[in-house]
Amino acid sequence: MIEVVLVTICLAVFPYQGSSIILESGNVNDYEVVYPRKVTALPKGAVQPKYEDAMQYELKVNGEPVVLHLEKNKELFSKDYSETHYSPDGRKITTNPSVEDHCYYRGRIENDADSTASISACNGLKGHFKLQGELYLIEPLELSDSEAHAVFKLENVEKEDEAPKMCGVTQNWESYEPIKKASDLNLNPDQQNLPQRYIELVVVADHRVFMKYNSDLNTIRTRVHEIVNFINGFYRSLNIHVSLTDLEIWSNEDQINIQSASSDTLNAFAEWRETDLLNRKSHDNAQLLTAIELDEETLGLAPLGTMCDPKLSIGIVQDHSPINLLMGVTMAHELGHNLGMEHDGKDCLRGASLCIMRPGLTKGRSYEFSADSMHYYERFLKQYKPQCILNKPLRIDPVSTPVSGNELLEAGEE
């Protein structure tokens with residue numbers, strides 16, 4: 001018989017209904033303080049890894065016990081994941097950090113078939129989960145008790161700006177036949193049998209983003225990893241695995257002319273991607289994260305139906321919110337345009353969830369792709385047969401102990 005050791009952390013829950021607190025996600029006016037209890041079954045004497053492949057947490061939400069099951073997102077990084085930044089004199093510095101033992105998870109709530117979760121466990125639990133159709137955010141509290149976390153609804157984060165924020169889209173392809181309303185087709189992901197596809201994504205953070213986060217590469221790295229973990233979760237409903245293959249940070253200066261005129265910035269980014277980035281890093285799509293305020297209340301811009309195009313498989317996204325979930329929705333939206341998805345109606349709902357391809361971003365109970373978006377995507381696959389998203393970006397398992405720095409000896413090396 002295998003003996004197991006139950007590792008438990010924390011016990012209590014203290015709701016502060018009606019209180020207000022400033023968190024990393026913003027000023028929250030209604031939240032609960034919770035102490036998640038971690039339960040891990042390990043063989044007796046086993047060495048506990050820093051980040052386990054599977055974890056289970058117990059906590060209370062609205063006074064009710066909840067069991068959160070988490071599984072490490074092993075699709076999050078491609079086999080050749082790299083990071084690039086620039087020295088003060090402009091030299092490219094590229095590394096291949098080991099990401100095998102990363103701290104990003106996806107999951108579900110026990111006994112809730114419609115639940116989802118995307119969580120970072122790098123420093124406490126941070127992310128979101130959907131429980132009984134409601135979206136909750138969780139993040140650590142900076143208290144003397146290091147196990148304290150805040151749980152709150154997205155709607156309880158105070159709005160910084162009431163002005164409507166919109167997405168731009170450039171028309172770069174035409175349909176050969178009129179699209180039927182997906183509502184008439186009564187489609188869902190299971191019925192459509194959407195084929196498995198894989199997107200190797202590059203995220204580029206401009207110099208304003210670098211300065212916004214106090215020139216801290218680690219802060220930007222963590223933010224982008226959390227955003228892509230959310231994107232990966234959204235696209236699972238379409239049978240698409242989104243893996244981050246490169247993070248580039250323009251730490252010295254911008255490599256293109258970044259302007260508020262979003263279309264000009266998009267065009268400049270397209271030229272740079274084709275003539276520079278693609279020559280040194282194989283990838284399927286690149287998204288520019290910029291801290292400049294784009295024109296006409298635009299949060300992002302992307303060409304329509306351009307996935308796998310060597311120049312136009314791109315998008316730009318304004319770093320508009322401290323809430324990584326909303327940034328994930330925005331970047332997933334722009335990526336959707338690259339996959340042929342047009343805008344949904346401004347009031348589009350999928351059940352109780354807001355549609356990701358709405359033209360404007362608003363806070364909702366949860367976010368999903370609509371049936372129309374699924375049909376647009378399926379039509380794009382049939383008409384254009386994009387080849388770059390067919391290959392699966394498998395992880396390479398190291399076969400030896402680490403050597404100096406982050407380098408690993410791979411199979412065949414000496």
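Note that Cβ sites are derived from N, Cα and C of the backbone, with glycine treated the same way.
Summarising the annotation, Swiss-Prot assigns active site to Glu334. Cβ neighbour count for Glu334 (active site): 23 (other Cβ atoms within 10 Å of its Cβ, all protein chains included).
Under DSSP, Asp284 (Ca(2+) 1 binding site) is assigned to coil, being neither helix nor strand in the three-state scheme. Asp284 (Ca(2+) 1 binding site): 25 other CB atoms within 10 A of its CB, across all protein chains. If you look up Swiss-Prot, you'll see Glu200, Asp284, Cys388, Asn391 marked as Ca(2+) 1 binding site.
Counting every protein chain shown, the Cβ of His333 (Zn(2+) binding site) has 29 other Cβ atoms within 10 Å. Feature annotation from Swiss-Prot assigns Zn(2+) binding site to His333, His337, His343.
Summarising the annotation, Swiss-Prot assigns Ca(2+) 2 binding site to Val403, Asn406, Leu408, Glu410, Glu413 and lists similarity to another entry as the type of evidence.
Annotation source Swiss-Prot lists disulfide bond at Cys308-Cys388 (among others), citing sequence analysis. In the three-state DSSP reading, Cys308 (disulfide bond) counts as coil.
According to DSSP, Cys355 (disulfide bond) is assigned to a strand segment. Annotation comment: Swiss-Prot describes Cys348-Cys355 (among others) as disulfide bond.
Sequence annotations record features per position, and here Swiss-Prot assigns domain 'Peptidase M12B' to 197-393 based on sequence analysis.
For Gln191, the entry in Swiss-Prot reads pyrrolidone carboxylic acid, with the evidence type similarity to another entry.
Residues or ranges marked as signal peptide by Swiss-Prot on the basis of sequence analysis: 1-20.
For the domain 'Peptidase M12B' (197-393), the model gives a mean pLDDT of 95. Summary for the binding-site residues His337, His343: the Cβ-based neighbour count within 10 Å is maximal at His337.
Excluding Glu200, Asp284, Cys388, Asn391, which define the Ca(2+) 1 site, the same chain contributes Tyr198, Ile199, Ser282, His283, Cys308, Ile389, Leu390, Pro393 within 8 Å (Cβ to the Cβ centroid), listed in sequence order. In the structure shown, across all protein chains, Cys355 is the one of the disulfide-bonded residues Cys308, Cys348, Cys355 with the greatest number of other Cβ atoms within 10 Å.
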